[in-house]
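Novice: Relevant sequence annotations retrieved from TrEMBL are reproduced here:
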- Tyr60: active site, proton donor (ACT_SITE)
- His122: substrate binding site (BINDING)
- 26-279: domain 'NADP-dependent oxidoreductase' (DOMAIN)
- Lys89: site 'Lowers pKa of active site Tyr' (SITE)
Amino acid sequence: MKEAGVSLGPTEQTVLLNSGTRMPLLGMGTFRLQGSELVSQCVEAALAHGYRSFDTAAVYGNEAAIGQALGALLPLHGLARSDVFLTTKLGPRDQGKAEAEAACLRSLEQLACGYLDLYLIHWPGTQGKPQGDKGNRERRWESWRVLEQMHHAGHLRAIGVSNYTLGHLQELLAHSRVPPAVLQVEFHPELPQRELWNFCQQHGIHLQAYASLGCGQLLGRAEVARVAERQGRTPAQVLLRWALHQGVGVIPKSVSPTRLAENAQLWGWDLSPEDMAELGMMDCSRHYCWDPSGVT
């Protein structure tokens, strides 16, 4: 396993995953981004503003539109497939050996990308099964073995998980032949997930944040506003930089070209110790999205 590390130089804002793959620390999220025209407009704006990483999932229902947009737009920007980092995820309904293999191949076909830079198990449970179902553990292990096989076959450059708790992650490491390269979780000042962050640091797993803005709820917080005023930045930029300051990747989503541009202006400045301390006082373990702690 290669040692992971973060590069924060002016021209290379990437992380070296334990698979040996480099991933941009900033990516464009695509949750709830629907419709070929809107997808194409957002991907066009993102590429124009320097985004080189795109995060989707089978359950988002937009893989085909994203694949079509990238296929059409990359040549117009003088880019090749190898210039972008593409992530998608195994849907919760597709846990299990046969289901996971079919789902992975389906995503590859939908995205028409030849290979995936990163493929994640989206959720530790199985759609349609109770969170406490004892079969959840075996099904996600079966799914992981499929991901390992697809990784060895060259279809998946890196593999990882999303929404795993510390317990889920410890179980996976105890049984895996290929360790996860990435853990994607809800991560923001009200939910800094310190124990998970420390565990990932110790085991060479890159932590990637979603819902960095607390589903928009943190943009109006007084603490965030004070830091934004001191820095001369927007509240969204402050929240995204808060994660990057800790070596955590971010995948903000927006359908606004202006917001996409603002969200990309995260380099060449940083938060002060005073800023980090003030934002650190917001920790209250609040989830705005899904809480996986009840999944067996």
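Any Cβ shown, glycine's included, is placed from N, Cα and C.
Curation plays no part in TrEMBL annotations; they are all automatic predictions.
Note that the structure is a prediction, hence the values are computed from the model and not measured.
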Novice: Out of Lys89, His122, which of the recorded positions has the smallest number of neighbouring Cβ atoms within 10 Å?
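Specialist: So among Lys89, His122, the recorded positions given, the one with the fewest Cβ atoms within 10 Å is His122.
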Novice: Measuring Cα to Cα, how many angstrom lie between His122 (substrate binding site) and the residue listed as 'active site, proton donor'?
Specialist: 11
Novice: Within 10 Å of the Cβ of the residue listed as 'active site, proton donor', how many other Cβ atoms can you find? Include all protein chains, please.
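Specialist: Result for the residue listed as 'active site, proton donor': 20 other Cβ atoms within 10 Å.
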Novice: Where Lys89 (site 'Lowers pKa of active site Tyr') and the residue listed as 'active site, proton donor' are concerned, what is their Cα separation in Å, rounded?
Specialist: 9
Novice: Please average pLDDT over the domain 'NADP-dependent oxidoreductase' (26-279) for the predicted structure.
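Specialist: It averages 97.
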